[in-house]
């Protein structure tokens, strides 16, 4: 019993670690809100690498599954498209910041159409209608039109969504830390009870 409690206690000694991580995430999210221009420029480079890496992995996935997936060509086209966009944004970082809303908008539109194509293909293969995939694809199309029609909205929404994501992750980490602290307090209480019981037994 004591060994089990000691093992649990050793794992809970640093319960505050997620809290520190959460505070850092929240602080970074607030920083993104306070410095939208700098955040936007940084995100332009980040998105460029995201497009490039996701495209490379998608091309690899398409070739790896070309004999097992009937619609592997969709993945190949999507991967080539993302790779070309990523390379372009990395070569021209200044231009990438200016055209990022359009790139995100058209990429979102392309991937939404791609998702619709997959949904209908799955239906034709007898896998049933994927209403969740269709719904998210339609919502993606609507958002893509909003971003393309208003680039300022697109730029602002990109920063806001990123900042909100960091803040939410930080809040979740902080909640986890306090839950771990409660568990640590319970373990401490049980350890004290076991210790008192042992001391009482030794005195008998």
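Cβ from N, Cα, C; glycine included.
Database features, via TrEMBL:
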TRANSMEM  15-33  transmembrane segment
TRANSMEM  39-61  transmembrane segment
TRANSMEM  73-93  transmembrane segment
TRANSMEM  99-119  transmembrane segment
TRANSMEM  131-149  transmembrane segment
TRANSMEM  155-178  transmembrane segment
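Between the transmembrane segment (15-33) and the transmembrane segment (155-178) there are 3 or more Cβ pairs closer than 8 Å, counting only residues 6 or more apart in sequence, so the two stretches are in contact. Between the transmembrane segment (39-61) and the stretches 73-93, 99-119, 155-178, Cβ pairs under 8 Å are most numerous for 73-93. Listed as Cβ neighbours of the transmembrane segment (73-93) (distance under 8 Å, sequence separation of 6 or more from its ends, same chain) are residues 44-45, 47-63, 65, 100, 103, 107, 110-111, 114, 117-118, 121.
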